[in-house]
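Student: Below you'll find the structure I mean.
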């Protein structure tokens, strides 16, 4: 049950960004706006927006609703789709394949190691996923972004950075929708690949409830962008997909993504 602390109900709102969306993507849904939860952002000292998709009841819960349809660079949250694309194209044979990072110095020391997809996901290893990107290629990404209906589906000309610096962009609503489809195994990809990627994203458990999530941080955007995207699968099988985005104006803000997101999930009585 959702906590009812100053809610504004809006029915049939279209949270679109001026682009075509895949059939059944759910961009016209009942939206419950939680004005009272804007205080949570202020408590953490950041500006941003949050969207929660209650899959079973086909309802969106929004905090700072005016921002949840704005598309932004996905940064490392693209590793979710990237892992799926890598497995589907055969660029990576399975979750146990060790992928080389390239041997060059990296901005984060832990990235200077060859890793599996799971290891690279855990530490958000950009170098390993850039190797994956070179294997998939721009044509491969263009085909799969269109197939998946991912954001604006634009890859541009830089295969190593299009998710970090653009032109690829995605909104919080689209992030939550993509996460929901992955969680329920309904993306146009093999069941085995979707299951593998789900396993890569498991970050927490509370009783029978499970939390799946990935952070992102784009330093190329102005202001910089912070993400926390994923879903909660309850013990009864119900799914709540979410996306948090914040403006990062100081190093301190980077560390607020997970605790802020968890505070919002807790306020909405979703997790823990």
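Here the Cβ of each residue, glycine as well, is placed from N, Cα and C on the backbone.
Unlike curated entries, TrEMBL annotations are predicted automatically.
Straight from TrEMBL, here's the annotation block:
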DOMAIN    64-265  domain 'Penicillin-binding protein transpeptidase'
ACT_SITE  76  active site, acyl-ester intermediate
MOD_RES   79  N6-carboxylysine
Student: Check each residue in the chain of residue 76 (active site, acyl-ester intermediate) that is at least six apart in sequence and keep those whose C-beta is under 8 Å from its C-beta; list them in sequence order.
Tutor: 124, 126, 214, 215, 216, 217, 227
Student: If I take every residue in the domain 'Penicillin-binding protein transpeptidase' (64-265) and average their pLDDT values, what number comes out?
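Tutor: Computed over the domain 'Penicillin-binding protein transpeptidase' (64-265), the mean pLDDT is 98 on the 0 to 100 scale.
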